[in-house]
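Engineer: Below are the structure tokens for one structure; questions will follow.
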């Protein structure tokens, strides 16, 4: 059992895409709210456990005006509000934090993932694995029927 830990909450915006990143909290029970009057679509949050035993979560959404989006988190009967991160317009890949509610955060850097996974390849792999599973199941069934026939006839 761990001590209760208050989460750190960040909003990351890129065009119409918004991500609410919630880091290092315990216990797992949490409610993440992305608030905007111009919502296009919103996804359920994904929660993972870190090696330290604390939890991290992210909630994604698409909004007409990403600047109108705020993120608030309810954890342990307390509400935590976000710190905004906006992409700089210069040539570096660093992210510049925008200070809100007297919260100061050090500069963070975001790096794009090196491996790009295409949806078509993932779907094809899933179908291939499903096909192999079906072939295996048929093989086991035929083997069972032939074995049963041998013993009972």
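Placed from the backbone N, Cα and C atoms, the Cβ positions cover glycine too.
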Engineer: Would you mind telling me which of 85-112, 113-140 Swiss-Prot tags as region 'Disordered'?
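Structural biologist: That would be 85-112, the stretch labelled region 'Disordered' in Swiss-Prot.
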Engineer: Tell me, if you would, which residue among 14, 77 (glycosylation sites) has the fewest other CB atoms within 10 Å in the structure shown?
Structural biologist: 77
Engineer: How many Å separate the Cα atoms of residue 14 (N-linked glycosylation site) and residue 20 (disulfide bond)?
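Structural biologist: Counting only the Cα atoms, the answer is 12 Å.
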Engineer: Give me the Cα-Cα distance between residue 77 (N-linked glycosylation site) and residue 71 (disulfide bond), rounded to a whole Å.
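Structural biologist: One finds 16 Å between the Cα atoms of these residues.
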